[in-house]
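What TrEMBL says about this one:
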| type | residues | note |
| --- | --- | --- |
| DOMAIN | 10-93 | domain 'Ig-like' |
| DOMAIN | 116-191 | domain 'Ig-like' |
| DOMAIN | 209-294 | domain 'Ig-like' |
| DOMAIN | 299-383 | domain 'Ig-like' |
| DOMAIN | 389-470 | domain 'Ig-like' |
| DOMAIN | 479-567 | domain 'Ig-like' |
| DOMAIN | 580-676 | domain 'Fibronectin type-III' |
| DOMAIN | 750-855 | domain 'Fibronectin type-III' |
| REGION | 775-811 | region 'Disordered' |
| DOMAIN | 857-950 | domain 'Fibronectin type-III' |
Amino acid sequence: MPFEREEFGPVFVQEPHDAVFALDSEEKKVMMSCEARGNPVPVYSWFINGTVVETENRYSLIDGNLIITNASETADYGRYQCKAENSYGTVLSRDALLQFAYLGSFSGRMRGGVSVREGQGVVLMCTPPPHSPEIMYSWVFNEFPLFVAEDSRRFISQVTGNLYVSKVQPSDVGSYICLVKNTVTNARVLSPPTPLTLRTDGLMGEYEPKIEVHFPLSVPAARGVTVRLECFALGNPVPTITWRKMNGNIPKKARLRKSQAVLEIPNVQLEDSGTYECKAENPRGGTAFKGHIQVYTFPQWISTINDSQLDSGDQLHWECKATGKPRPTYRWLRNGEPLTPQSRVEMVNGELIIQKVQQADSGMYQCVAENKYGAIYCSAELKILASPPVFSPNPVRLIATLGKDMLLGCRPRASPKPRVTWRRGDRRIQPSRRIMLLRNNTLRIINSTRSDEGNYVCRAENQFGSAEMTAMLWVKEAMRVDLSPSRVEVTVGESVVLSCRVSHDPSLDVAFQWLLNQQPLNFQQEGGHFEYTQTQSSTVDLMIRSILLKHAGKYGCRAQTSADTVSAEAEVLVRGPPGPPGVVIVEEIKDTTATLSWSGGVDNHSPISSYNLQARSPFSLGWQTLRTEPVTGDMESAMAVELNPWVDYEFRVVASNAIGTGDPSAPSRGVRTKEAVPSVVPANVSGGNGRRHELVISWEPVSEEFQNGEGFGYIVAFRANGTRGWKEKMVTSADSTMYKYRDETFPPLTPFEVKVGVYNNKGDGPFSGVVTVYSAEGGEPPNPGPGRPRGYEVSYRKDSEQEESGNRKKTVGNETSMVLTGLEGNSMYLITVRGFNSIGQGPASTASTAKTKKDPPVQPPANLVWIQEGTNVSLNWDPVKSKDNESDVIGYKVLLSQEGRVHNQVMRTITPSAVLSLPEGGTYIIEVRALSEGGEGAISSQVRVLTSSGKTRLCASLSHHRYSCYLSQVSLG
């Protein structure tokens with residue numbers, strides 16, 4: 001069957017607009033636009049000034065557009081209106097004004113001259129030719145294009161076109177021509193000249209102002225336009241023009257133009273209405289003029305009417321509302337003709353009421369709101385329905401549940417509304433306590449029983465015919481559902497099964513649906529955590545694997561048959577590590593302590609047992625756990641201690657409960673600890689070498705982390721062995737690693753006691769331990785004899801060995817330094833240097849002595865034990881004890897690397913323990929070495945750590961690459 005479009009009356013898509021047509025245009029045709037949609041397609045006709053336009057001769061239609069050929073102002077000027085109609089009704093468009101633009105010519109007659117006394121005022125008349133619409137005026141002085149310049153003495157009115165000179169001067173004598181310009185066509189014409197001369201019978205004396213140009217007593221203006229008020233006076237001396245608004249202030253947006261002769265108010269609004277006064281004054285007196293601006297507005301719709309379909313005999317009630325100033329009045333049209341009050345028709349203030357509508361009332365209606373400045377139209381279609389009852393052809397089969405109420409609907413399509421009756425078999429159904437007929441013709445059966453089964457017939461009839469609908473009703477057993485367990489508590493990572501079992505009529509199929517917090521469960525989007533299984537036709541299970549915190553909530557099982565829908569709920573409570581604590585606030589910051597506060601996060605159904613405070617700085621390897629007093633789960637503030645002074649820190653808090661350690665809080669704002677006197681001394685203070693009479697002292701610089709404040713530097717103290725007083729020198733650079741002291745008086749290899757201290761702006765810190773450093777040997781490079789040296793040979797041996805058993809090593813080229821390796825620790829060596837070239841070797845230098853430090857410890861750090869809480873690792877090991885022939889242990893180096901990467905991160909500590917905070921989601925290798933003056937000791941066994949959140953592990957190393965761990969959290973599959 002082909003698709004049939006709905007039929008409806010015409011509705012305007014485009015209505016005609018006001019237009020101005022230039023008569024001198026090369027295009028001699030005018031088009032007034034009009035377009036409407038409707039089914040059937042509308043036909044069009046036009047009116048001019050209320051008279052039908054005959055579409056012949058000069059008038060033609062293209063679709064709904066009116067084409068006027070050889071248009072003329074005499075025949076075609078006026079207001080046009082378009083009418084669109086089809087078989088469902090007629091509508092009228094708004095009217096549109098067609099004007100014609102033209103500019104005539106001035107009369108060719110010569111104009112008489114004007115003769116005035118000097119000082120007298122004069123008005124030169126323009127008397128423009130016929131024109132339409134507005135024109136603009138200017139005046140030419142003597143010859144084109146020399147125009148009259150307007151000022152306080154001369155004014156050209158754009159209303160009259162005249163030139164006003166308040167006080168004539170000798171320079172004004174000449175010929176004046178009025179030039180007018182059409183604002184639409186830009187055409188221009190010039191008037192005949194008007195000569196201006198001075199009389200010879202004396203000067204004009206002073207006189208008071210006389211206003212020659214002023215605005216009307218009443219100035220109507222449409223809201224939003226620009227209003228221009230003119231006011232100019234003749235007088236001697238030249239008058240001054242001022243403006244004011246009576247009983248109010250001139251709007252701030254107003255502008256004064258042409259030496260205050262024009263008051264211009266752009267975008268005029270209702271509040272700009274009022275009485276305005278212009279005043280002209282000179283020393284001889286003053287005069288004033290008042291006029292009223294009345295701002296009006298065109299009608300605008302507030303509410304309009306909509307299409308309506310009513311049954312015959314119903315009441316139609318339409319209302320349209322519009323604003324406007326003056327207040328609009330209303331009239332109604334039906335199919336383009338005025339609607340008048342009748343016995344059934346009432347029209348009051350934009351309301352239309354038609355009682356007991358009839359088929360003859362069908363059609364297109366229009367509400368017209370109008371004031372004296374314009375009219376607006378809105379339209380709607382009224383359809384009166386008239387059809388016999390019709391039911392859907394599909395059979396109606398209904399299944400009720402025992403003991404439940406049942407509704408049998410009866411909704412025929414008919415107009416007017418039909419009378420409805422119900423019967424069962426041949427007997428008409430009479431209302432009773434169990435069976436009721438509702439207002440919408442629905443039959444309601446209360447507390448259904450088996451005896452209610454059968455066929456029910458609904459009969460509908462009106463004056464156009466009748467129809468029947470049969471509904472077949474079955475009554476089945478009620479369905480019951482059980483969801484178990486009804487409440488269950490599980491821990492993150494465990495699994496749980498919810499079982500949903502229903503009892504129902506075996507003749508009906510059951511469909512199941514699972515819900516979480518009343519929303520359907522999407523099995524595909526839950527990453528395999530949910531599994532649906534149907535063990536029997538009446539039983540389904542929901543398994544939740546490796547449950548997450550977000551899976552907590554109320555789970556619903558909904559069972560549905562064609563007769564009934566029932567559901568049950570079970571609550572699943574998930575215990576897990578705590579959520580992140582709230583915002584961390586730094587309440588107080590000192591040099592080595594910080595007092596922090598926070599708000600507790602969710603405990604996820606397992607009470608919070610403790611909090612850990614963590615910090616990171618530019619010098620730390622990630623987040624480090626801070627030392628505090630024990631912070632129990634009921635505390636929300638704590639003091640962190642053993643911070644480094646003058647270091648930028650961020651802090652965060654991590655909560656723990658019996659399940660594990662949760663995610664950390666968001667970091668606090670960055671703060672810097674207060675300054676303090678430095679407490680860490682330089683490491684590896686040593687020295688030697690240098691030039692003759694030089695004492696060279698070197699050390700490892702103190703990291704910025706331990707400088708404790710601004711103005712950090714070093715105090716180098718030294719004295720020759722056996723002397724009492726210390727010499728102290730300040731080294732102001734924090735990055736310095738060496739100090740050289742020169743004194744011609746001490747011999748080579750003089751032993752000195754040396755120590756290096758630290759200071760900053762807060763004061764002096766401690767000194768390092770005292771070490772012995774020898775001054776330079778002072779020898780010059782040995783002379784190899786005649787010829788250019790090719791290199792040097794260094795001979796070295798222990799002082800307990802014979803010279804023949806010593807070792808020799810040659811330089812590359814003429815280098816004058818060398819590093820000797822492979823020496824024995826804690827031994828005194830004798831060293832000589834001699835030069836050589838192609839001829840042979842030169843003499844040996846005087847022997848120098850050097851003592852090596854003790855070897856580093858060969859024992860590696862052992863018995864590594866570490867506790868891993870999520871990404872935090874606390875590491876401990878047995879202290880390394882040096883043997884008599886080994887250097888003393890001064891600390892430990894902890895090396896951290898991520899598996900698969902070469903780059904190591906290093907942390908130093910002076911105690912056999914360390915706390916590391918590692919990024920989540922990686923495998924890390926940790927190794928430990930002892931540090932001594934003789935260098936780094938042997939390396940420990942490796943520790944391999946896999947970071948993940950929410951797990952606590954206690955681990956201990958058993959042997960190299962072997963260790964045992966105990967996991968505090970049990971995961972159930």
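Cβ coordinates are placed from backbone N, Cα and C, and glycine is handled just like the others.
In terms of DSSP secondary structure, the domain 'Ig-like' (10-93) contains 4 helix, 48 strand, 32 coil.
Counting residues per DSSP class in helix, strand and coil order gives 3 helix, 43 strand, 36 coil for the domain 'Ig-like' (389-470).
Simply put, out of 209-294, 580-676, 857-950, 209-294 has the most Cβ pairs sitting under 8 Å from the domain 'Ig-like' (116-191).
Across the domain 'Fibronectin type-III' (750-855), DSSP classifies residues as 3 helix, 49 strand, 54 coil. Of the candidate ranges 299-383, 389-470, 479-567, 299-383 contributes the most Cβ pairs within a distance under 8 Å of the domain 'Ig-like' (10-93). Using DSSP to sort the residues of the domain 'Ig-like' (116-191) gives these counts of helix, strand and coil: 3 helix, 32 strand, 41 coil.
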